[in-house]
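Quick look at what TrEMBL annotates:
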- 1-23: region 'Disordered' (REGION)
- 7-19: compositional bias 'Polar residues' (COMPBIAS)
- 32-166: domain 'MARVEL' (DOMAIN)
- 37-55: transmembrane segment (TRANSMEM)
- 67-89: transmembrane segment (TRANSMEM)
- 101-121: transmembrane segment (TRANSMEM)
- 141-162: transmembrane segment (TRANSMEM)
Amino acid sequence: MAEFPSKVSTRTSSPTQGADASVSALRPDPGFVRSSLGALMLLQLVLGLLVWALIADTPSHLYPAYGWVMFVAVFLWLVTIVFFIIYLFQLHMKLYMVPWPLVLMIFNVGATVLYITAFITCSASVDQTSLKGSRPYNQRAAASFFACLVMIAYGVSAFFSFQAWRGVGSNAATSQMAGGYA
């Protein structure tokens, strides 16, 4: 039988060292904001905020169509904030068991479809719900315009996230190390 070696080196760590390491690693990544994914998320946040702020400033509670537009705009704005924070603080690297490119692609495709319906609903309801030239008319028309822009932004994000999911332009090792954004 083989003898157990007389000298064995071991290394131990205390739980406080591990806690300090995870807290110190939770810093924002400035490279993400400069990436195409980060810039598109910021654009979606700004335009989505404009859509729901313009609708919320009109008497939209009288018309059910604007309830749908408000739901889509506010819900997707909040979910985009969550994704932005996850990617900004590189939490997607810590939660490696989640297929983030696939999750982001499904979210962006769903957001595009929802914003298509919100844009059509908002645009079709402008003339029927307010007098041309009045303040509510102008705000609802502007909300329709910004809903179209944010719909395009989510569509572009869906295209880029589809490419990231498929791995176009990189291999698995570089896309994993790059954090999933270009």
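The backbone N, Cα and C atoms fix where each Cβ goes, glycine too.
Away from its own ends, the transmembrane segment (141-162) comes close to residues 36-37, 40-41, 43-44, 47-48, 50-51, 54-55, 69, 73, 76, 101, 104-105, 108-109, 111-112, 115-116, 118-119, 122-123, 126, 182 of its chain (Cβ-Cβ under 8 Å, at least six residues beyond either end).
Across the domain 'MARVEL' (32-166), DSSP classifies residues as 118 helix, 0 strand, 17 coil.
Taking Cβ pairs closer than 8 Å, the transmembrane segment (67-89) reaches residues 26-29, 32-33, 37-38, 41-42, 44-45, 48-49, 51-52, 55-56, 60-61, 95, 104, 107, 111, 114-115, 117-118, 121-122, 143, 147, 154, 179-181 in its own chain, all 6 or more past its ends.
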